[in-house]
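Asker: This is the structure I want to talk about, given as structure tokens.
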Amino acid sequence: MTYDPENAMGEARADAPVEAEKEHEATQTTVKESTLGYDNSSDPSRRDSYRPTKLQSNLTIVSCYIANFSDGFQNSLANPTNVIFKKLLGTDGYPSEMQTRISNSLLIGAILGVLALGYTSDMFSRRAGLLFTSGLVAIGTLMSTLALQVHPTYNMLWYFVIVRGIAGFGVGGEYPPSAAAGIEESDDFKRKYRGPLFVSFTTLMATSAAPIQMIVYLICLIASNDNLPVTFHAIYSIATILPVIIMVLRFFMTDSTLFHYSNFKRQKRPLKFYLLLLKRYRWRLFTTSLAFFLYDFINFPNSIMSSTIINSLVKDHNIRTTAIWQVILGALPVPGVIVGAWLTNAIGRRYTGILGFAGYMVLGFVIGGTFPHLSKNMPAFVVLYGLLQALGHMGPGATIGLISTESFPTAMRGMGYSIATAFGRTGAAVGTQCFTPLQERAGKQSTFYLAGGIAILGMIVYWFLPESSELNLEEEDRDLSVFLAENGFPMEKA
């Protein structure tokens, strides 16, 4: 075959535009991928370049277990505190409005804490936020221990409101970084079981803390021969030890792999940036916040007012008898949480919540309608009241925090969860403010009717929540990265 230089040059010239076009397309693809901010955090080689050790991951999960137990212990302190102050100060010295104010001080502090730490844990570090909140809980609880040394009574009660608010800021601030870190480590550990695992170290721990705290309270009463000031100092001293232990554990933990590769630490964040996030996640934010508000509106007041209701039903108003019934009542919701943890995978997060609200509705109306008879039969009342709480903890109690955590990408998980939780704590504060005067004006049964009615609304809202068990956390992170890049905010990598 004869070689023709001119033909060869012609073919080369013909191929040149094709090759140039291919090079151009490859360059454009590279630029596009860079611009869209793809992070190959799902790639094993990339993920292995930063991965917490097994010990660090285990410490994160263990500290979440203890922290949520501690937070449940803190919330449950309202029950014995109300009884002790009522006995020591009398009705005139401890009026219902001050009782409500003290209960709300922890809640108001929690609302501020959850919003502040939700933002900072996303923008800076989960670990730093968790250390800070543990310190605040320890300081606020230690100061609460000294409350009875403050005189006169009026000053003591206001001092107690303030220091419980400080502890509340720490308790509330604990929720966003703890929930975010916990779900991320659970996803790394065993993705299939992240839901049940999350419920076990959040709702189960907080719920288990209530009966254990009442057992500690009862032991202190017996050991001190019903010396209420000594009992008060003892239960608050024990509550101080827990956050100190958590602080020590958290010195050795680190941030998760997901958070390391997807965060806003170096991101430019003008107002438009936050509006874009709101635009993309507004429906999830609205539905999770509303569901949280409705559940906490009925659950929290019912939980902290239970000691007052039981104390009024105990004929001789014996403080130990009241405490024993409180232990039984506090233990009944625990099996509900365990069932709820199993149901999150078996039937899904949404249907578990709807089922729990349905049970809450039925029992709320049953207890309200039969309250005059139940008030004369303490065992029957406690069983039905405990079953009401068990169904609430099985459904929305087990799932609303889980859905709120899974519904948002890693980079804004703390903020999304914190806003939903803040609405929940607002609902708890509003409910607490409403329940006491409602009981005084319309009778104790009225609160159960209200709880049943709110549960109907909760079922409706739950229908519109995302089924978060179907969400892949890494895909959610990539989708957010693409969305921000397309709108002029490529994610800056660490």
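Even glycines carry a Cβ here, placed using N, Cα and C.
What Swiss-Prot records for this protein is below:
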REGION    1-51  region 'Disordered'
COMPBIAS  12-26  compositional bias 'Basic and acidic residues'
CARBOHYD  Asn40  N-linked glycosylation site
CARBOHYD  Asn58  N-linked glycosylation site
CARBOHYD  Asn68  N-linked glycosylation site
TRANSMEM  105-125  transmembrane segment
TRANSMEM  128-148  transmembrane segment
TRANSMEM  156-176  transmembrane segment
TRANSMEM  203-223  transmembrane segment
TRANSMEM  228-248  transmembrane segment
TRANSMEM  290-310  transmembrane segment
TRANSMEM  323-343  transmembrane segment
TRANSMEM  354-374  transmembrane segment
TRANSMEM  383-403  transmembrane segment
TRANSMEM  446-466  transmembrane segment
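Buried or exposed, and what's around them? Tell me for each listed feature.
Answerer: Under the three-state DSSP scheme, Asn58 (N-linked glycosylation site) falls in the helix class.
Under the DSSP three-state reduction, Asn68 (N-linked glycosylation site) is assigned to helix. In sequence order, Glu174, Ser178, Phe201, Thr202, Met205, Ala206, Ala209 are the residues of the chain that are 6 or more apart from Asn68 (N-linked glycosylation site) and have a CB within less than 8 Å of its CB.
Only residues 6 or more beyond the boundaries of the transmembrane segment (105-125), in the same chain, are considered here, and those with a CB under 8 A from a CB of the stretch are 74-75, 78, 132-133, 136, 140, 160-162, 164-177, 180, 255, 263-265, 300, 411-419, 421-422, 425-426, 428-429, 432.
Only residues 6 or more beyond the boundaries of the transmembrane segment (128-148), in the same chain, are considered here, and those with a CB under 8 A from a CB of the stretch are 63, 67, 70-71, 74, 109, 113, 117, 120-121, 156, 159-160, 163-171, 173-174, 176-178, 181, 229, 232-233, 236-237, 239-240, 243-244, 246-247, 250-251, 253, 414.
Cβ atoms under 8 Å from those of the transmembrane segment (323-343) belong to residues 76, 79-80, 83, 195-196, 199-200, 203-204, 207-208, 210-211, 213-215, 217-218, 221, 306-307, 310, 314, 351-352, 355-356, 378, 382-383, 385-387, 389-395, 397-399 of the same chain, restricted to positions at least 6 beyond its ends.
Cβ atoms under 8 Å from those of the transmembrane segment (354-374) belong to residues 295, 298, 336, 340, 343, 347, 380-381, 384-385, 387-388, 391-399, 443-453, 455-456, 458-459, 462-463 of the same chain, restricted to positions at least 6 beyond its ends.
Tertiary neighbourhood of the transmembrane segment (446-466): same-chain residues 283-284, 287-288, 290-291, 294-295, 297-298, 301-302, 305, 349-350, 353-354, 357-358, 360-365, 367-368, 371, 388, 396, 403, 407, 434-435, 438-439, selected by CB-CB distance under 8 Å and a gap of 6+ residues from either end.
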Asker: So if I draw a 10 Å sphere around the Cβ of Asn58 (N-linked glycosylation site), how many other Cβ atoms end up inside it?
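Answerer: I count 14 other Cβ atoms within 10 Å of it.
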